[in-house]
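Chemist: Structure provided below as structure tokens; questions to follow.
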Amino acid sequence: MFCVKLSCEVWLVILGALVAVLLRACTTLHPYSGAGSPPMYGDYEAQRHWMEITTNLRPLEWYKNTTDNDLMYWGLDYPPLTAYHMYLTGKIGSFLNENWTKLHESRGFEGESHKIFMRYTVLAADIVMYIPALIFYFHAMGGQSPDPKTRPLSPSLATILGLLYPGIILIDHGHFQYNCISLGLLVLATSCLLLDMNLTAAIFFTSALNYKQMELYHALPFFMYMLSSCVPKPGQSLTSSLIKLAQIAITVMAVFAILWAPFNRDFFAVLRRLFPLDRGVFEDKVSNFWCVFNIFYKLKLKFGNYEMMRICLFATVSMVFPSSVDLFLRPSRKKFVLSLINSSLAFFLFSYQVHEKSILLVGVPVVLYFPQKPFVCFWFLCISVFSMLPLLYKDGLIIATIALMLFYVISFRVSIEHFYRSSLNASDGLAEYYRSLLHVLLDIEYKQATQIDILKLTYKQIVKNKETLKNLAFHVVLVTSLIGCLVLSFALLVFEPPERYPDLFPLLISAYSALHFFGFFLYFNVKQLQIPQEFDAIKNVKIKSS
Amino acid sequence: MIFTATFLTLCLKLLLIPAYRSTDFEVHRNWMAITHSLPLKQWYYENTSEWTLDYPPLFAYFEYLLSLIASCFDKKMLIVQNLNYASDETILFQRLSVIFTDLVFAYGTHKCCSSIQKSWRTDVVLPILLITNCGLIMVDHIHFQYNGILYGILLLSLAYAIQGRYLLSGFWFAVLLNMKHIYIYLAPAYFVFFLKNYCLNSKHSKFQIKNFIMLGSTVLAVFLATFLPFHNQLGQVFARLFPFKRGLCHAYWAPNFWALYNTLDKAAFFIMSKMGFLAKKSSVASMTGGLVQEFSHEVLPNVTPLVTMILTGVVMLPALIKLWSLNKHPSNFLRCIVLCALSSFLFGWHVHEKAILMAIIPLSILSIMDLSDAKTFILLGIVGHYSLFPLLFPSSLLFVQGLPVRRPQLFVSFVKLH
């Protein structure tokens, strides 16, 4: 039978993907944002409204305020690729039921069959883009596994855990958005770049950028990495690198030209739609620097929007600077994903007009980095879902959040156990791991000696087992931090906030997560800077020239 | 592995809380209201709702226990007159009550796994097969019923039977019968197996009167304890428990012999009326109309409950005789249980399609003992779960339906690799 030939790992990935789809399908049963809450509804109505606009109006009118297109009511403010996608799904929708996209009349349309249609469009996008992209990435990166001590998590487990990440499931299939497309394109672009297919990577990334302008959070690492690959290395001629650069530039511009063709006349008007400055530095409660800073110092009273934007720009650029410059000067494949994390996290923490959902843009690169540092990444991903909790609470997705988080945590525990069992060759897995940690401490107790001896021995033991102790401390911190999350979530769900501070718990949650994000920002920056330059690119060239 | 599987499916069940619910949701809410707000004497007389209490008393006590907790969630769901009441708290409570009583199923699985010789199969495969049984998840957590606790008790009883602790097994089976009497279809297999291996000494074929009395009194005690409060209204209770007025087939035809019989009848009627053999105009019987009622066949002879009973008995007989002649290896017993369940499913009176689980669940245990049974299990599992689909008709569940069915396939092919 042919199925026997597939290895255990492949079966695991197939099973994981099916479970991931099942979880997504079950999440679609839950309410979406703004369900049954006129007059503005929520993101669900925004997407439906875009379908209405794009299917009924000519492309030139999509971004313009006309009598048929009231931009104040969920005006289209995403780049053209989103508009085309909405046009396509809108056409399918109007074929199924023309009331769904009738101009003006369909405003605020809600219904069980419409909900199913909308949910299925996201599910289809996810199955076509994000899930295969993630499988492809881990499959492509799977080959390199050097010494067993720092061996990363196996690609199949990393794929499954990546597919089960609750953040993207909750926002796309619960809250309702199409992040899976832009993020899927990002993952594809990253894998192509790491496979040295710069032009394909450029096409994918430009498409991602043209689907959602938030992908600018990731633009700098792509730019820097491609630029540095065009810098002539010893043994390369200047012309060949210039041709390389020109190829990339032309590809990017061609993609832009094709996608923006209908709008070339009012390019700047569309740009103004995409980057609205008058919305303020943040909406609701976001776990970033400005929101936390705002507690002590009311920014919105002191600075105008334009001024604030410049401050944000300066702050963001200076924070992205170290990782981007490092990537340009000392490029390495290993640090590319890290620099994606650093850049997007810097944007999330310091830039202008940030949504709490934007943490997904950091979450996905962290998912890609997962095999290298499972525990840190797991911690980050948990906190990222936690930071969106007030939003999910508002949408009525608490049950889904609890279920998906529980599923994720259990799967993580099982995978890590499996991983340790195979890597430590211990039969007991994680329990054995913790026992080896505790062994260090217990060992001291057994020695019957004078007090000074004990101290000496302890010191010796500590020095000898520094790594193990560091691990133990890390795990204690991790567990404490997650328990803190649990306590705050419990408070948000159960207690009424005091009357003077109605936003107390959301604010506490965002401050708590922001604090973590600062820590992660430092950690990932240090991690990136620690990785030395990769020289094999040059080696290859030398071999070729000789 | 049991813990992992239990908790992972628990998460899935939590996700299914807002899913579509059948009228069984209202049925159980109504029973909870009846048991909570009426005195015991009126439980089997109450008929405000069309969904009258038609499970045995032990299940009514169980509903009463649930209603005690339910009053903390929403008191209004416990009023009998509140028909079709479904507030958010009610939904949450009812769904959670199914999810938590499912832990009995997990315990039953644990007992079963530990009573079979320990191997990779009992540690990993059997828990996965039983706990992630998608038919059970669909029926309990989408359609809404309390099968988890019932099958949990069945597994418990089977586990004790496998271990050879027949008294305990008999006790739990009696409890099960007093919670839902449909399991009476499995009783012949229990009866024969216990009589042969517990009451008759296998060596000398001598009748062990002590064992027989012990077993009999255990079972009787359970029945007495359940039915004693209703001793002066047994007629009414039994009229509710065995509603033969409900017709040969359920509103949705279960995929059994009678479905074929009905189809044949319809076809014959159609052909004969076309050819002019049937002059008199018949009242066009709608057998799938949704309402549960009596109907009569047009061409073929009508079927009475007695006929179905006799037919079921006849079909079971070969399996029972074979079981009598075989030794007391658990796989013989389990195989007979599966056959009893299947024969009653195929020939019984007013069978629900859910009853196929009664065959699939014992067959899962059997499937890890024997490879040929494993093959049957794959086939029956897929077909059986497929037959449950009409229960979940809203199209929002299309994906939810499609995916789990492929899971047993995957698991089993996974198993074969090892």
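Cβ coordinates are placed from backbone N, Cα and C, and glycine is handled just like the others.
Pasting the relevant annotations from TrEMBL:
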TRANSMEM  A:117-140  transmembrane segment
TRANSMEM  A:152-171  transmembrane segment
TRANSMEM  A:183-204  transmembrane segment
TRANSMEM  A:245-263  transmembrane segment
TRANSMEM  A:308-329  transmembrane segment
TRANSMEM  A:366-389  transmembrane segment
TRANSMEM  A:396-416  transmembrane segment
TRANSMEM  A:472-495  transmembrane segment
TRANSMEM  A:504-524  transmembrane segment
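Give me the local environment of each listed feature.
Modeler: Beyond the ends of the transmembrane segment (A:117-140), by six or more residues, the same chain brings 13, 17, 20-21, 24-25, 28, 32, 44, 47-48, 85, 89, 92-93, 96-97, 100, 155-156, 158-159, 162-163, 168, 172-173, 176-178, 180-181, 183-185, 187-188, 190-191, 194-195, 367-368, 371 to within a C-beta distance below 8 angstroms of the stretch.
Proximity of distant same-chain residues to the transmembrane segment (A:183-204), defined by a Cβ-Cβ separation under 8 Å and at least 6 residues beyond the stretch ends, is recorded for 125-126, 129-134, 136-137, 140-141, 168, 211, 215, 218, 222, 225-226, 229, 244, 247-248, 251-252, 255, 333, 336-337, 340, 360-361, 364-365, 368.
Away from its own ends, the transmembrane segment (A:245-263) comes close to residues 59-60, 63, 79-81, 84, 198-199, 202-203, 206-207, 210, 226-227, 230, 270 of its chain (Cβ-Cβ under 8 Å, at least six residues beyond either end).
Proximity of distant same-chain residues to the transmembrane segment (A:308-329), defined by a Cβ-Cβ separation under 8 Å and at least 6 residues beyond the stretch ends, is recorded for 220-221, 224-225, 227-228, 277, 280-281, 289-290, 299-300, 335-336, 338-339, 342-343, 346-347, 349-352, 521, 525, 528-529.
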Chemist: The transmembrane segment (A:396-416): which same-chain residues, six or more beyond its ends, come within Cβ distance under 8 Å?
Modeler: 23, 27, 30-31, 35, 153, 157, 160-161, 164-166, 169-170, 174-175, 374-375, 378, 381-382, 385, 389, 429-430, 493
Chemist: Which bits of the chain, at least 6 residues beyond where the transmembrane segment (A:504-524) starts or stops, bring a Cβ under 8 A of a Cβ in it?
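Modeler: Those are 284-289, 291-292, 295, 319, 338, 341-342, 345-346, 348-349, 356, 376, 379-380, 383-384, 386-387, 389-390, 481, 484-485, 488-489, 491-492, 495, 497-498, in sequence order.
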